[in-house]
Amino acid sequence: MASRQGSKSKNLGSVTTKVAKSPSSSTTSSSKQYLETSIDGQSSPASSSARSKPQYFYSDNLHIDVERSKENVTVTVRFRPLSPREIRQGEDIAWYADGETIVRNEHNPTTAYAYDRVFGPTTTTRHVYDIAAQHIVSGAMEGVNGTIFAYGVTSSGKTHTMHGDQRSPGIIPLAVKDAFSIIQETPNREFLLRVSYLEIYNEVVNDLLNPAGQNLRIREDDQGTFVEGIKEEVVLSPAHALSLIAAGEEHRHVGSTNFNLLSSRSHTIFTLTIESSAFGESSEGEAVNLSQLNLIDLAGSESSKAETTGIRRKEGSYINKSLLTLGTVISKLTDGRTNHIPYRDSKLTRLLQSSLSGHGRVSLICTVTPASSSLEETHNTLKFAHRAKHVEIQAAQNKIIDEKSLIKKYQNEIRCLKEELDRLKTGIMTVPQLRDSEDNLVLLKQKLEDGQFKLQSRLEQEEEAKAALLGRIQRLTKLILVSTKASQSSRFPHRPGLRRRHSFGEEELAYLPYKRRDLILDDENIDLYASVESNSEANDDTVKGKKTRKHGLLNWLKLRKRDSGLGTSTNTSDKSRGMKSTSIPSTPQADQNNVPSESRLSLSLQTESSPSADLLSDAKEEKETREENIFDPETPLTSIKSSDQIDLLREQQKILSGEVALHSSALKRLSDEAARSPQEDQIHFDMKRLKDDINAKNQQIAYLEKKITEASSNNMTDLEIMQEIDELTAQLNEKSFELEVKAADNRIIQEQLDQRISECEDLQETVAALKQQLADTLELRNVPKDVRLAQATEVDDLKHKLAELTESKEQLELRNQKLAEESTYAKGLASAAAVELKALSEEVAKLMNENERLVSELAASKSSPSQRKSTVGVRNGRRDVVSKRTDIGPSAAELKRELAISKERELSYEAALLEKEHREAELQRKVEESRQRDAYLENELANMWVLVAKLKKSHGNDSDEYSTRDTQPFDDERLI
Ligand SMILES: Nc1ncnc2c1ncn2[C@@H]1O[C@H](COP(=O)(O)OP(=O)(O)OP(=O)(O)O)[C@@H](O)[C@H]1O
């Protein structure tokens, strides 16, 4: 035990910030309320007095704080290995455990964070438990409240850490097992353990132990918050507690997401309430230790990468919102300046208010993946963890000196009952003394006979009462757990001092109906199982019973589900304030029809007769007693006020309703089974019994309703009415607040809705456009064959035309070329003619000059004789000249003729030149025309190509068959 007490959290955080704390908020959600419970649904004198006034475990007048020591939240980080998906995607490592306390960024090694402990991917959950949880559990067993929760993004390993599986049990089963081991190791104290299990799904609190407990209210008063109407079950063994978790898990919301096939869609809080007091007769008046251990599996935050829709998206937004609030609360707690901490912004923080505000030890296990794709998310988790490290707590042991703790109440009740039993025994022994009288012998005889008769009937009544008391004492005693190492002194000296042992082994665990993770079995369990085996040897019958029973407990659980209405689970409760219900455990022993004689392996019970016989009779008695009491609450053992009576009746009514609900679900399961195996008579028999039981319970409910109405109309005093009004006002306020919260939620949802609507409209437009495109395509596809043939013919024509045009273009080009050649030739001719013409012109000019000279000489010779002589001479001379000339060249006539010829030639040349120029111009015009035509044809050709390409494209979208068969005309090569 001493070894379990160590390990206080170290303060690694460099900043220590004072936690804003209100003195009034010192209670945990459900522990603060005193639970008025009697195991058979009937109140006792001890409990009735307590019922009128709510009790708070942590109010100043009720507890003594034994040394408050400042601590910080224990913060650890657990890496999970890369998942197969991450490995497939070739993810890198982005964060890693650098030693035992540091997390470092792979890419940027200067980014690193320190925590109390960092666990690498290969660390076992058992090791995590030892470091991060064990001290919280042992503290809780000593009266210090404790909270352990796993935080991290989706699929980072929270549920693996908190629940685990058969190969690697999680913190919750390990803690439960440890709690019972601690009881075993603490012989000087006796314990009473009870559990509750709830989930927060979409900001609605549901009771996982009671299917009827949906949408429970969180109430708050000066002392803190609590869940109204949550069911608590007293637990007797680890297997019993785990079976309740397993049953609760059946109701938890789990769904598949992109990142996790079995993603938790709700936050769950499993609460173990522990009461302990010194063991033995001398414990009277001593303080009781009371504490709560909250084991929380949060739903994972989801990044925007999660492509969720519909219900998953809604769940995700609720999860993210509540985790965001948790982050804000932690920030504000560590900021030190803020007075207002927004606990009320989410149900999660409201329920965790007490833990977070420093009234108990807290261990935060942050789960992370090393994968690079989650680099940012992991960084956020690490930052959250770093902030949380600075939250300061002041853990203290809660000691209750009030006599009204549940364990004290049971102890007192046992004592009172024992006294009453003694009185009864004495009464039975004392036979009335009748004095002999001679005077009135007849009368005396008559009196004697009457007396004998009365005595007889009184004896019978008292025997019955005694039996009932014994049964009650036994049942109460069974709820209080002590170590087998405790002294063997019994509460009943005449009985062998059998005590209960608490451990769980393979057989107890193998059966656990756990939809997604089989709970618990590790090496230690096997050890424990071995120890159970060895202990059991003391009792041959037990051993035989266990060995011959192949799946005894499995059968029990299955049958318990079936026959849940027939078990001993008797819910009784207190309605002092919050109507929280507590039931005694539905133990295997209770089922007399289906259970082997010793169904709890590890428990040896503090009973007189054999455990099985006791339990069987208990079951019977309890049922009978309860039924009696329901119809006659005013038993000799009760004396309660009218309001208490109404409360009691209401509670009984509630319990009955819960049982009816349970029976109905069991009946449904049986119907399913019956449908599968109709020949099973046992199932039909069980179904019939369940139906009868449901009917009987419904009648009882109706009867209770009547009684409540009568009682309320008859007995309500003004004070009670005022109290009722106060209560209703408080409820009204609560409802108003919830309404406000809902209204705020609605506003957010409305905004989201508006956004969705606009997104939807955009999508609709896109869809319309796509539809149009589709229709166009379909239209093309749906073109009838004749139209397609017509199109093909048209294309053929076009192709033909194109060929013609191409041909005529070629001809024109040829002609054009010829004309160009001709034009070049003509130009050559023209230039040659021009040269010749120029040469001729020069000759003509020369000849004309000569002619003029000759004419002037002729005229001069005609004018004088001398001159004549001379002229003759001249003439002679001339004749000489002429003769000379004749000798040297043609005569004038010849020259004239030559001149005329050259003129003619000149003229013909000019005419030829003109004609050539004319022809040239003509050719130029033709060239121009042919060029234009050419351009026109080219243009036409381009248009044709465009047309062909268009046709080809539209036909190209059709099926391959169509394109090969029907689009042949568009084949490029063929076209070209
Ligand atoms: N430390 C670990 N070692 C081996 N496997 C692990 C470890 N942690 C988680 N896993 C595996 O990773 C998967 C996801 O883990 P788990 O369901 O616990 O994530 P989670 O954080 O609870 O997710 P969610 O928030 O979606 O519920 C599971 O298949 C689980 O077995």
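Every residue gets a Cβ built from N, Cα and C, even glycine.
Whatever TrEMBL says is automated annotation, not expert-curated.
Per TrEMBL, ATP binding site is recorded for Gly152, Val153, Thr154, Ser155, Ser156, Gly157, Lys158, Thr159. What TrEMBL lists as coiled coil is 393-427, 687-714, 904-933. Look at TrEMBL and you will find 1-13, 33-42, 566-612, 861-870 tagged as compositional bias 'Polar residues'. Per TrEMBL, the feature compositional bias 'Low complexity' maps to 14-32, 43-52. Annotation comment: TrEMBL describes 72-391 as domain 'Kinesin motor'. Feature annotation from TrEMBL assigns region 'Disordered' to 1-53, 564-638, 857-879, 954-976.
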Assigned element (helix, strand, coil) containing Val153 (ATP binding site), judged by DSSP: strand
Those residues of the chain, 6+ apart, with a Cβ under 8 Å from that of Gly157 (ATP binding site): Arg78, Arg80, Ala150, Thr367, Thr369
Sparsest Cβ surroundings (other CB atoms within 10 Å) among the binding-site residues Thr154, Ser155, Thr159: Thr154
DSSP state at Thr159 (ATP binding site), helix/strand/coil: helix
Listed binding-site residues adjacent to ligand 1, that is, members of Val153, Ser156, Lys158, Thr159 whose C-beta is under 6 A away: Ser156, Lys158, Thr159
Proximal but sequence-remote residues of the same chain as Gly152 (ATP binding site) (Cβ under 8 Å, at least 6 apart): Lys158, Leu298, Gly300, Ser301, Cys366, Thr367, Val368, Thr381
